[in-house]
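K.L.:
When I checked TrEMBL for this same protein, it listed these features:
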BINDING   B:333  substrate binding site
DOMAIN    B:12-324  domain 'Aminotransferase class V'
MOD_RES   B:192  N6-(pyridoxal phosphate)lysine
């Protein structure tokens, strides 16, 4: 049988036709007025996306590259930082900070939970010299949302602390306006809600963060914010840019800005709700106590291996992600960020139902689908 | 909201990625050994598709062009032909034959029905001099299947009669082997189950038909079978070929032959069954008494205009076709030929449910979807 593969992994996510078309074009040279014009256009649209007039930089790297840039440009050796470590990507903040010699307070949170505000305040009370709070807005490994507002307040209450946010699976999902929220450094990547292939990362930094640039003594070359900023303001890059991704980003930002951030955020909230409600309707349990709008992480039922379930779903045409580390074989993760609509979620849920049925789990076919349809009717 | 349009019209149908990729390539010149090599490869694959070693021609035209070629190359003025006229495309046979001065017996059949064998025998009994029986294997306007075997028998019982089959929505849906069935002329088009854009038509003719080529006195130039046959056997065409469609056809034939005709036919039968059963589950009535595996034509419920229903489905991301002529506003047609799988049919049915619900029709959400899921479970 024809096997169509439909991607529901939390990165990469499906590409819109406009993006595919842009990617399929003949390459242009980057040291040309033509590229500069496009680059500056994209830069302006990124500023609109983040509702800022400040510098927004692009790196030819995956999201982790921009995370590294957030460390090496804005901190010094032995700086004390607090990592909100609630999953695989929280661990990445910790490991990155340690690699560059920062003094890490590793606030470990059970996977699937968000931070406890009292616990956090207690840590901060005893560590007034914290120079940075590092967090994921959406922790992809557990599909968990961390509320940034209280973190911004805490950060602001300290003498010299930056709120550093990994927005890799939140920018393009929520309305993420760093100045409004109080984010000092915000990074994201291309292969999530920006609906592009991987290979491009984005970094915003606040005025407060900018003051750190001169003082930071950590080694940086490729990820030098100062070097890139100087160039990118003029529509060029310090090193070879990811030309076709930037051209394609122009297209995906057109789509995003045309839909409008409030509507886009509402769509993601509804698709998330529909997916969460649908899996609950099937008797399944969500991993997260604070589910994100980017993806839904759900436990496979007792006695059913989640990776087996994924394999069967894949044979039926739907590719979802599994769990990492101790969650391997226990959860599946269904993405709904970027180029997704209600019909997509019906696809995913209907195939989840069929796969569970085939594995002997008692499931009423169509029951989860009906939930998505109901929320579709409310929402459209 | 992002609006994804998913095509469920009975032509054009969605293109597989392999075809899109081929279509997106730089053009090559057709008077080259490179093109000849590809052309002959495609020709051979078409022969495999039809299980024949005879001549199979390609024209740069829509399917109607090959229908015209079937008339002008194999008939003479005043030849008596019997048209099985059970819909819009039956009418096309009639109009084409009349245009070229043939003597047409127009056997009109109520739309949605197939021929009556006794009635047919009666006509033939009184018209032993019939030179051709013209029929659609799948009448697209009513999604009705006409069984060819009895027609082949009748045709063979006559002194000099050709069975001329419009296989535009049947080749690539069923196992259509003209020699086994007894088809003398078979035509098809690119934008149906061959999964290509429109613009390429295909014509097979039997040994018996070939004998007519010399005698036929009807005017033909662009659609000259003799001229094309001479050229195409050597890997060239009389006039400029549809280069990129032929290159893309190579890809879609690879997909078809890799799946294998028996499996392909079974898939189409199952998708058709799933769609038919699902709409019946919703309380809707099929138009056809002999439903085809290419598409499903279904009446909208009492008091619901089918074209309004289509518009709402379209707003939800699914484009289906409507009815033609007196069926306008009364039916919708959902295609399932070509690049379709069960998940696709779940998309179409789920959105049909939601659209009906929104129009105030009493529908149990998920009920039709469940039917598709059940047949999916049997079938996969």
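Backbone N, Cα and C define each Cβ position, glycine as well.
Predicted, not measured: the structure shown is a model, and the values here were computed from it.
If you look at the structure here, what lies around each of the features I listed?
P.N.:
When secondary structure is read from DSSP and collapsed to three states, residue B:333 (substrate binding site) falls in the strand class. Note on residue B:333 (substrate binding site): other Cβ atoms within 10 Å of its Cβ, all shown chains, come to 25.
Within its own chain, residue B:192 (N6-(pyridoxal phosphate)lysine) has B:10, B:11, B:13, B:63, B:168, B:169, B:171, B:172, B:173, B:294, B:337, B:338 as residues 6 or more apart in sequence whose C-beta sits under 8 angstroms from its own. For the recorded site, residue B:192 (N6-(pyridoxal phosphate)lysine), the DSSP three-state label reads coil.
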